[in-house]
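The block underneath contains the structure these notes are about, expressed in structure tokens.
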Amino acid sequence: MLRRSGSTRSTDENVFSRLSTSSLVGDSNRPQDKGYIAPARPVSASGSSSKSCPLVCTHTAEGHSRAVLAVHATDTLMLTGSKDRTAKLWDLGRGAELLTLSGHPSNVVKVAFCPRAQLAFTVSQSTVRVWDTRRGANACIKTLSSSGLTTSGSAPFSSSADLTYREHQINDIRLAPDGSTLFCAAGNVVQIWDLRRYSQAGRLSGHQAPVMALALTRDGDNTLVVSGSKDHYIKIFEVIEDAAGILTPKYNLEPPHYDGIQSLALQGSTLFSGSRDMCIKKWDLDTKQLKHSINAAHKDWVCALDFLPGTDTLVSGCRGGFLKLWQADTCSSLGESINAAHKDWVCALDFLPGTDTLVSGCRGGFLKLWQADTCSSLGEVRAHSSAINAIATNTSSIFTASNDAAVRVWRSTSQLHTRPGRHRHR
């Protein structure tokens with residue numbers, strides 16, 4: 001997700017001021033088959049009543065009929081993906097659903113949005129559908145298949161739950177910053193899609209098992225694609241402009257993990273990898289060497305990694321519900337006070353916009369906030385009645401997607417102060 005630098009506070013306040021005063025609920029002019037973003041009832045902090053709630057839920061987006069699995073937000077729009085086999089585009093200013101993007105073969109597990117081209121990308125099973133949101137709900141302009149085929153419009157699909165030959169489950173996507181290239185982890189390869197021609201330009205090949213996590217960085221004029229796989233290995237591919245054909249890894253990071261890679265975090269030339277082997281490894285991308293291995297970093301799979309904004313502090317989350325903080329230079333633990341962060345799987349990490357405050361979400365439906373300076377908990381919110389599957393932020397708010405079929409919008413209360421100059425790009 002892109003972290004925007006500079007001040008956009010006045011724009012955000014105008015957008016959410018309109019959202020806050022929305023009269024969509026109960027409006028007889030609102031289409032009954034459309035989702036809407038309604039002002040929410042207050043959600044208080046759990047535990048001691050003496051602790052102030054660090055977040056307030058301002059709105060709830062209702063419209064999906066089943067669990068919401070993915071969410072992406074800009075300052076004006078939100079894109080969501082659900083088990084109901086649809087994606088929805090929402091106008092944050094009007095508090096209304098703009099489009100329902102339907103016709104997916106199964107769950108919509110990943111979404112992305114390109115503001116420059118106004119294109120939405122939705123992942124379901126072995127396909128990525130590309131939607132021109134300026135054309136309306138039926139504007140699926142292309143279907144990109146993991147087999148490398150491109151179909152105009154929304155491709156037909158089999159009712160069988162099994163993927164057909166040459167088709168593979170898509171586990172992750174990354175959009176190049178200029179919006180011209182899409183990298184897609186499909187099975188044990190990473191596809192390079194040229195979005196100017198809607199054709200597969202090449203493939204990154206070398207893994208022996210499904211690729212689970214991707215990260216992008218720049219090396220001069222070239223793009224470095226970092227891939228982590230269930231085959232225990234991390235590989236680095238150098239992708240030049242207009243690359244074509246099958247590309248093999250430029251570097252293999254050795255030694256591998258003892259189990260599959262679940263998460264990657266990249267900042268500058270420092271890469272951290274989290275694995276099912278409960279280990280976190282630190283790599284130097286300049287030398288392509290392993291610098292440190294934090295063995296038994298957690299007692300369960302390391303499912304989430306990220307850096308605190310503007311710092312060299314790493315945050316890790318595991319399937320057992322624990323969060324830990326690490327000093328990136330020394331790999332020493334900083335966060336013993338936030339062990340047992342949740343009682344369930346930590347499945348999402350992000351940051352309160354413009355602050356050093358970490359937001360964590362778990363399968364039990366709770367959100368927690370953590371102060372980076374002290375590694376102390378700022379409070380816990382029962383955000384949803386069921387699992388939190390994804391967290392997204394824009395420059396003013398936090399968005400949470402859950403199994404309860406709702407997406408909620410959160411803003412900080414007065415005790416969380418914006419710290420200028422701490423924005424970053426990721």
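The count begins at 1 with the first shown residue.
Every residue gets a Cβ built from N, Cα and C, even glycine.
TrEMBL entries are annotated by machine, without manual review.
Features as listed in TrEMBL:
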{"type": "REGION", "residues": "22-49", "note": "region 'Disordered'"}
{"type": "REPEAT", "residues": "61-100", "note": "repeat 'WD'"}
{"type": "REPEAT", "residues": "101-141", "note": "repeat 'WD'"}
{"type": "REPEAT", "residues": "204-239", "note": "repeat 'WD'"}
{"type": "REPEAT", "residues": "254-293", "note": "repeat 'WD'"}
{"type": "REPEAT", "residues": "295-336", "note": "repeat 'WD'"}
{"type": "REPEAT", "residues": "339-380", "note": "repeat 'WD'"}
{"type": "REPEAT", "residues": "381-410", "note": "repeat 'WD'"}
Short question: which residues 6 or more past the ends of the repeat 'WD' (254-293) have a Cβ under 8 Å from it?
209, 212-217, 224, 226, 228-234, 236, 299-307, 312, 314, 316, 318, 326, 328, 331
Helix-strand-coil residue split for the repeat 'WD' (101-141), DSSP-based:
0 helix, 20 strand, 21 coil
Other parts of the chain folded back onto the repeat 'WD' (101-141), taken as Cβ under 8 Å at six or more residues beyond its ends:
69-72, 74, 77, 79-83, 85-89, 147, 152-155, 157-158, 161, 163-164, 167-170, 172-173, 175, 178-179, 182, 184, 186, 193, 195, 198
